[in-house]
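First comes the structure, then the notes that go with it.
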Amino acid sequence: MKTEAENRGDDQILVHDSSVDHKRRLPLRASTGVWKASLFIIAIEFSERLSYFGIATSLVIYLTRVIRQDLKTAARNVNYWTGVTTLMPLFGGFLADAYLGRFSTVLVSTIVYLFGLSLLTLSTLVPSLKACGSEPCDEPRKLHEVLFFTAIYLISVGTGGHKPSLESFGADQFDDDHAEERKQKMSFFNWWNSGLCAGVIFGVTLIVYVQEHVGWGMAGVILTSVMATSLAIFLVGRPVYRYRAPLGSPLTPLLQVLVAAFTRRNLPYPSNSAHLYEVQATDKVHGRLLTHTNRLKFLDKAAIVGETSNSAGKQSPWRLATVTRVEELKLVLNMIPIWIASIPFGICVAQTYTFFIKQCATLDRKIGNTFIIPASSMFCLAAVGMIISVAIYDRLLVPILRKTTGNERGITILQRIGIGMIFSFMAMSVAGLVERKRLGVVKGSPTKGSGAMSVFWLGPQFLIIGIADGFALVGLQEYFYDQVPDSMRSLGIAFYLSVNGAANFVSSLLITAVDRITGKSSGGKSWFGDNLNTSRLDHFYWLIAGIVAVNLCFFVLFARQYAYKSVQRTTVADCFDGDGKAGGVTSAV
């Protein structure tokens, strides 16, 4: 038997976190994982975000200009597509965790994504497949509409497997049981989003410029080529990756706890939680052991060993669950109010792809006498805001906060999300003020309209929503990866993505509801007219700001009562909490 010192030395050479290398052996710490592997993974994320935002930010413009949809229909279609795109990862994340594994899921989904980009390129490049045979035309070809929507929804399917699997695969390159790698993982999410934002900036500047001044077909050629190249780069990094095998459906153990708790509902609670059933650390094959918490105590019934249970280890998991399994179910249930409370933030983000971009199209976008900024390119200010906030937070604030709070993260995850929600409230408030000024300019100069107003008036709202993303969006990524059971981490990233998906659907429903209510109660004049000049987006933005403010109060209440995941540690410390502190379960805010 090895001594503790020998085990420590072994841990410095090999990685013992249930991962394997590309030859299915224990990974060597020095030659696999961490940043050497993550850089390959961030490269393909750059390509995916380049493609997604190159399409998403111009989609409302394409639907109104080329396919001739009115503003309300185009906004709803963008929200539906964005909603499907961000809800599909629930399915992709489940497949990755349960059956395919994260690497294989990334590979397959990227190929599907590539096929969607190729079809989109053909529908906008081949003359017989274009929207119009001659420019302009009043009625686009039905074949083009079918191919166009098929292509963008194929991209949705590709994103569904790509997004949750790639990000969790990147985070898997860092060992949670190794102090230095655990700190590096906290920075990983920050720099992952910096790479993501770099893709966003090029997508909403270079790609959008090509779309407007050269054509959508050429933009599609660029996106398809970049995606194919990044796929090749991703495959080159295969020898340095750390892989985790799928463990079967992550939902089955959760269901087993519910059944066992119901079966043992009449058993009395033991006088000490230490008497609840748990496997020994030496018997643990996959995942880490969690410490017991007193929340949702009725679920503890599933881990009570009855007096007649002579051999608990031989009992069916449908009749007796371990403390770890019980705590995993508690983690999932505790996420529900946080997930719901994050939706109003997602509604704010949804406006940047639709109404913010449409506002840009009505303003003066000239720089000098000749160059005109594409409307969608203004979105790069949001990406810039996010990069700046992430860099300042990671390099300046976190080191200071670590010393003052004693927390490895600087502040807790939910505190970071809450700060982002405050910025989203500010963004919607500012957007309402700027829109009111724009409407005033239109009223004062009916002939020139809002063309007399510079597009840079919209700069503050883009920058503030970008700063909000740097706190809340990155915080949500980290929260849904870190606080789910270890076997559900791809699904955890999918939960994060589904916040934006649900928010887009809610945003569409909100537009429909507000349109009907204001159309009946405001003398027949809806807040959403045929164009922006006959609409009242300022009122709509302030309505969203009010929703965010009320929701923030509930979020703080939930966050203050939240108990983070507490993992049993045997080498680094006795236990480690998900909020970044060593020790027992603590509150969030």
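Quick reminder: no glycine exception, Cβ is built from N, Cα and C everywhere.
TrEMBL: automatically predicted annotations, no manual curation.
Here the structure is a predicted model, which means the values were calculated and not measured.
Annotated transmembrane segment per TrEMBL: 79-100, 106-126, 191-210, 216-236, 336-357, 369-393, 413-434, 455-476, 540-559, in sequence order.
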So, taking each listed stretch (79-100, 106-126, 191-210, 336-357, 369-393) in turn and counting its Cβ pairs to the transmembrane segment (413-434) that are under 8 angstroms, which one gives the highest count?
336-357
Determine which residues of the chain contact the transmembrane segment (106-126) at the Cβ level, with the cut-off under 8 Å and only residues 6 or more beyond its ends counted.
44, 48, 51, 55, 92, 100, 144, 147-148, 150-155, 157-162, 165-166, 169, 215-218, 220-221, 223-224, 227-228, 231, 234-235
Same-chain residue ranges lying at least 6 outside the transmembrane segment (540-559) that approach it to Cβ under 8 Å
337-338, 341-345, 347-348, 351, 355, 414-415, 417-418, 421-422, 424-425, 428-429, 431-432, 435, 510-511, 514, 527-528, 588-589
In the same chain, residues at least 6 away from the ends of the transmembrane segment (455-476) whose Cβ sits under 8 Å of its Cβ atoms read 189-190, 193, 342, 345, 348-349, 352, 356, 359-360, 363-365, 373, 375, 378-379, 381-390, 393, 413-414, 416-424, 426-427, 430-431, 434, 437-438, 496, 499
What stretch, picked from 79-100, 191-210, 369-393, has the most CB pairs under 8 A with the transmembrane segment (336-357)?
369-393
Long-range Cβ neighbours of the transmembrane segment (191-210) (under 8 Å; 6 or more residues past either end)
38, 42-43, 45-54, 57-58, 167, 170, 218-219, 222-223, 374, 376-380, 382-384, 386-387, 390-391, 394, 469-470, 473-474, 477
